[in-house]
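S.K.: Summarising the annotation, TrEMBL assigns domain 'ABC transmembrane type-1' to 19-303. Annotation comment: TrEMBL describes 338-571 as domain 'ABC transporter'. Per TrEMBL, the feature transmembrane segment maps to 17-34, 46-69, 133-154, 160-178, 248-268, 280-301.
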Amino acid sequence: MKVFLDLGWFFKERKKQYIFGIIMLMVVALLQLLPPKIIGYVVDEIRLGALTSETLFKVLLLLAGAALAMYTIRYYWRMLIFGSAILLARQLRERLFRHFTRMSPRFYQKRRVGDLMAHATNDLSAVQQTAGAGVLTLVDSVTTGSFVIAAMAITIDWKLTLIALIPMPIMAYLTNYYGKQLHNRFHFAQEAFSNLNDKTQESISGIKVIKTFGQEKEDIQDFVKLSDDVVEKNIHVAKVDSLFDPTISAIVGVSFFLSIVFGARFIIAGDMTIGDLIAFTAYLGLLVWPMLAFGWLFNIVERGRASYDRIRTLLAEPVDIDDAEHALDVKAQGDLDVHIDEFKFPDDERNALHNVHFTLKRGETLGIVGKTGSGKTAILKLLLREFEGYNGTITYGGYSINAYKKERLRSAIGYVPQDHFLFSTTVAGNIAFTNTSALLEDVYEASRLAHIHEDILKFTNGYDTIVGERGVSLSGGQKQRIAIARALMMKPELLILDDSLSAVDARTEEAILESLKAFRSDETTIITAHRLSAIQHAHQIIVLHEGTIVEKGSHKELMERQGRYYEMYQLQQLEALVEMGGEA
Ligand SMILES: Nc1ncnc2c1ncn2[C@@H]1O[C@H](COP(=O)(O)OP(=O)(O)OP(=O)(O)O)[C@@H](O)[C@H]1O
């Protein structure tokens, strides 16, 4: 029952609705006591030959009135209690979603998408059940149960009531025992569901790779294995779940048996009338629901607790990169000063970066080159505050990047990552992602700068063509350029192209770079690339090797130096020559 205490904050918030709902439930519980009593009274009146049609009419009217009142009240308590439970699910869903959006990439590195989705669906619905059906079964089992027992003991016979209740402690013990079993089993079932969810998500996202490598059979086998696991764990739950109803029915049956045996003896002894025994057994019939509710209560609450614990654990994960207390709420702009003495990725022993020092003046372009894995993206991730925990300082416009509000820092940076992602919406929607109210003219301008405008016009529906998961397939180069146009839409102070020209041909690359040079002369640009032609015109180039800067300077300076950059350049020239069939 601890979950009710844990959800106390919500019950407080919806105090009025829950109090009214519970009062209504109690009124229904009281009204339910009327029919058995009336039936007992009518039977005794018939037996004594004293029933008049006038009394019968009054009694029927009373029964109809009680039925109508119960009908109406039942409708309203449902609206109040179940309606509130839906709001709880909404609140938790929003909280989870906000939490997800605040988490750093490290969180997503640890957690699987399918698991997160399971929290936001299955677990939420179990908690919603607790705040709705859980409250109902708790109130009903306690109030209806105690009202019926009190009516039996006070208005009929307390001795027979005690006899009828003899099997109850056994029921309480058993439901408690089942509840504990259920809690653990349900936890495992939810985990299995998370795994299956994750597998489904990954298989659908990676379907092209699976098909390309002809791995459908293996993938189906993996899926079936996980699906079987879900079935097995849920059967495990169902095995306990299914014990509740038969146990309760058996115990109610024993109660009925004891009541009839001893009730008959009381009637023979003249301590009770037949009408009383009929009313008593009718009350006993009314006890079936509270007892079932009691069983369900354990069932619902244990599921709810397991799920709420999972959600709370997720929500309790601290936001590792957050705004400082009095974070700067100003536009981030100016010179960039990077001094990284040492940086390791979380849970990694190796230095990803060390002794990386450079200054980039506002309006300049920096090119970063280096072998794959040399740390190019790592520098960018630190600039974007995706990771922290490095020794050193990074300042932008004279302030540490940590001093800015994250939102202010990021809104100054237009980042085009290597693994760009297009949403399932129109081309225009994808480009205007950061500014949905942007003018179409601005979208066109950004597209022209990214040299994708002409391509888009050739799509079937032009800028209204749906792309992304549910849309048309675009070439790698088209996707890259749409991602560049999206970043340019922000008119960023700092544009970062992380190997974002790798899929476009040399001529388009040159055209894009020319446009950037012409239209972004006052703003800063960082370009990482394998192809040196992409960074050749940069004001400053740094060459990374194993996480550190081994050469720094302009293209001309680096060529004169005849070091690593020079070697890379010669090699790429040779490759280009070979590609052209040896003709200069
Ligand atoms: N999130 C991470 N956790 C742990 N290690 C990481 C993480 N991201 C990158 N690394 C490691 O850090 C090193 C530098 O990676 P980085 O992505 O910066 O290389 P890169 O120069 O951008 O390579 P590429 O040209 O292939 O994109 C690599 O050894 C990589 O395996």
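All residue numbers here begin at 1 and follow the chain in the order shown.
Glycine residues also receive a Cβ, built from the backbone N, Cα and C atoms like all the rest.
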S.K.: Can you work out whether the transmembrane segment (160-178) touches the transmembrane segment (280-301), with the criterion being 3+ CB pairs under 8 Å where the paired residues are 6 or more apart along the chain?
M.R.: yes
S.K.: Residues of the same chain, at least six outside the transmembrane segment (248-268), with any C-beta under 8 angstroms of its C-beta?
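M.R.: For the transmembrane segment (248-268), the nonlocal Cβ contacts are 157, 159-160, 163-168, 170-171, 175, 274, 277, 280-281, 284, 287-288, 291-292, 294-295.
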S.K.: By Cβ distance under 8 Å, which residues at least 6 away from the ends of the transmembrane segment (280-301) in the same chain are close to it?
M.R.: 1, 3-4, 32-33, 35-36, 39-40, 129-130, 133-134, 136-138, 140-142, 144-145, 148-149, 151-152, 156-157, 160, 164, 171-172, 175-176, 178-179, 182, 241, 244-245, 247-249, 251-252, 255-256, 259-260, 263
S.K.: Quick test of the contact rule: Cβ under 8 Å, at least six residues beyond the ends. What residues does that give for the transmembrane segment (46-69)?
M.R.: 27, 31, 34-35, 38, 273-275
